[in-house]
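Q: Just dropping this structure here.
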Amino acid sequence: MRPYGTPTPSKRPWRRFCFIFFTTNYQLPTNTGGLFVQEINGKLVIIGGAEDKEGSCLILRKFLDLAGGEEARVIILTAATEAPDEVGAMYQKVFTKLGCKKVEVLDVPDRTASNSEKVKQMIAYATGVFFTGGDQLRITSALGGTALLSALEKARHRGLVVAGTSAGASVMSSTMITEGDSDESPKLNTVKMSPGIGLLSGIVIDQHFAQRGRIGRLLTALAQNPAVLGLGIDEDTAVIIDEDELLVWGSQTVTILDGRGVTHTNASLLEPNQYLALTHVTTHILPHGYRFNLSKREPLLP
């Protein structure tokens, strides 16, 4: 005898489940080899740090052009830095020199500031937001899950251009490198990772790439999940992402590591200080003007 309340075996619940499943008009995001390509109007400008601020300002000028040129309304977000007044004033001076008439500095030292009504209004008004360098954990701890980040995501659908340099670049992805050893062969403990602000999925970004010998860091990230695409961005170089296409812009190069074809990694078998094995990683080195299709994971020659 079944205990009281135990349902009589029946196939009806399964039938009901099948009916709901097959008739509900639900559509998953487009999955392209680990990358979720979103149809968003706002472009991303992801900078490897140390961008030119005194000469031709190739990258900063490009960001400004994308955001509206002289009519752009730029917000400089200084959450990453310990010197927000100094860093904010420096970028404000540069963008003003480049012809931008409306440049404001926004410092959000804590989550209370990130949830203020003033912050939401500033983001809603802006055509471009620029994340400065510093410490990426300062950005995520102050912005994650706040009204500021929600306003940023909403504004991107109407065309807001979001840029970030150095730490402000790493934070763009759903998973980011927070710290790690440079100029070393990759070990399991070469990098530490944590959630980013999630403007990109399926991509891990490292900056100051060639200048600080960080290929081992990016390979370590790939070894732990070969589905992701690794972007190593050199100094004074940026990638401009428009939906599923990436454009390299700047004086150095971008290294793209594709782990989709990896045939072996020993990451799950290692102690933290042991060396990684990783086979059949596809590598692309792209200079200024080259493009890359993120959906197909293929370079587009100029």
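The backbone N, Cα and C atoms fix where each Cβ goes, and this holds for glycine too.
Copied straight from TrEMBL:
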- Ser166: active site, charge relay system (ACT_SITE)
- His208: active site, charge relay system (ACT_SITE)
- Glu235: active site, charge relay system (ACT_SITE)
Q: Cα-Cα, whole number of Å: His208 (active site, charge relay system) versus Glu235 (active site, charge relay system)?
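A: Between the alpha carbons of His208 (active site, charge relay system) and Glu235 (active site, charge relay system) there are 5 Å.
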Q: When a 10 Å sphere is centred on the Cβ of His208 (active site, charge relay system), how many other Cβ atoms does it contain?
A: 19
Q: For the C-alpha pair, I'd like the distance in angstrom between Ser166 (active site, charge relay system) and Glu235 (active site, charge relay system), rounded off.
A: 9
Q: Can you tell which of Ser166, Glu235 has the least company, meaning the fewest other C-beta atoms within 10 angstroms of its C-beta, among these active-site residues?
A: Glu235
